[in-house]
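As annotated by TrEMBL, domain 'Major facilitator superfamily (MFS) profile' applies to 26-479. The transmembrane segment annotation in TrEMBL covers 19-39, 81-100, 112-131, 137-158, 170-188, 200-222, 288-310, 322-346, 353-374, 386-407, 428-449, 455-475.
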Amino acid sequence: MAVGVGVLSGSSGGGNGRVTAFVVLSCITAGMGGVIFGYDIGIAGGVSSMEPFLKKFFPEVYRRMKGDGSISNYCKFDSQLLTAFTSSLYVAGLLTTFLASTVTARRGRRPSMLLGGASFLAGSAVGAAAVDIYMVILGRVLLGVGLGFANLAVPLYLSEMAPSRHRGAFSNGFQLSVGVGALAANLINFSTQKIRGGWGWRVSLALAAVPAALLLVGAIFLPETPNSLIQQGRDRQDVAVLLRKIRGTDDVDAELDDIVAAAAANSEGAAGSGLRMLLTQRKYRPQLAMAVMIPFFQQVTGINAIAFYAPVLLRSIGMGESASLLSAVVTGVVGAGSTFLSMFLVDRFGRRTLFLAGGAQMLASQVLIGGIMAAKLGDDGGVSKAWAGVLVLLIAVYVAGFGWSWGPLGWLVPSEIFPLEVRSAGQGVTVAVSFVFTVVVAQAFLAMLCHMRAGIFFFFAAWLAAMTAFVYLLLPETKGVPMEQMAALWAEHWFWKRVLLGSEEAPT
């Protein structure tokens, strides 16, 4: 997860320390949850464009693709069953999130990662062995259960293990892991589609077991985070020993005091659940708004439409099976590279700067993609190789913009802004909203592509304009602020201080 960060010394904001090898290795292990997330996204898009897979499980889509001239280019892959294959993963993840939030708060981040790894293993086995559509979807559902646990626990784990000074780099490593997983999936799909006999898709689905096993086995040996241990009532001195090991220094008293104070606030509100506190108490309104709006906007960038269906989209414009999968590999490399770059930029330039610049980059790309497809792609035939190359380039520019802005920051900011007493509940809301709109986009995209044609890219562009304005007006900068001192940001913000005004609990 933190590969490339190096070992840096200096103040951590919440306590003195450095980025130790111990915490780096712990976060790399935890980051396998992100690798599996990215792998599952990439694999679904790839195998759903493979002819043997379509012929076996989606024969109607296969027939349209192979020569039904009466079907528009934009509608050849319009199948609710095919989109159900993709979105079933996220429906299961959404439902699991509510259980995962309770487990993560009461039992810790590590048990949730263990449960996630076990579910991932089961899902990869069922998917690879599938003989009918029901087994294929069951495999996706089991993978979704794993995502529900891993996507809730891993971002929290990374934020809480990292020193405040370098929290952005560590937390952005989750999205880097997602990008690495998606790139690995694209490379594997490109290779397995060449296997004679038409069973390459089984290999693609089965290989999800590799990062799943690494997460499961690694989580057995991972330490729990100091924040979670204090929240569970562990002895302060025992936690201090762990925190010294994590930070590589004996000077951890200030950071530990912040964690203990947050846990005390949690105890005071123990009569109600973290979720009820989050939903009913005015002092959490700004964080709750971000937990809903940031993952919502992250999905309506259109990124998952590209991630799920890039090979399908490229086949719609006339590319062959191998060419479309190879193009997905290229965009995967760009996405992983840009996310890696964001690890070095986020703690230097801040969250807002990357949000705004990345949003502008994605907006321009979506408008150009929509314009070219409207002008060059009709209901039949394809586009020229030159224009296809331009479209691939624009998709890569778009993916790069997401990779160093809304991709990693969509996980980083919600994971760092909540007080400890509602942190697990807040992350649960973030993950749940993300899953809801991931399902909506995954289920609706192919139908929208069929009915809206190139206009769908202008639809996403309009949302990109709205979300960029949202960040500019309503998101304060969180760079370098210790997690347990975030409350003051909202009280000083021009808009949120009005929301907090009149609340006896509002921070001063």
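Even glycines carry a Cβ here, placed using N, Cα and C.
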At a Cβ cut-off of 8 Å, and with pairs 6 or more apart in sequence only, do we get at least 3 pairs between the transmembrane segment (428-449) and the transmembrane segment (353-374), yes or no?
no
Go through the chain and flag residues at least 6 beyond the ends of the transmembrane segment (322-346) whose CB is under 8 A from any CB in it; none is fine as an answer.
2, 4-5, 42, 45-46, 49, 168-169, 172-173, 175-176, 178-180, 182-183, 185-187, 189-190, 193-194, 306, 310-312, 314-315, 354, 392, 395-396, 399-405, 407-409, 412, 479
For the domain 'Major facilitator superfamily (MFS) profile' (26-479), what's the mean pLDDT in this predicted model?
86
How about the transmembrane segment (170-188) and the transmembrane segment (386-407): at least 3 CB pairs under 8 Å, pairs 6 or more apart in sequence, or not?
yes
Range from 81-100, 112-131, 386-407 with the greatest count of C-beta pairs under 8 A to the transmembrane segment (353-374):
386-407
Counting only residues 6 or more past its boundaries, what in the same chain has a CB within less than 8 Å of a CB in the transmembrane segment (112-131)?
30, 32-33, 36, 57, 100, 103-104, 138-150, 152-154, 157, 202-203, 205-209, 211-213, 215-217, 219-220, 222
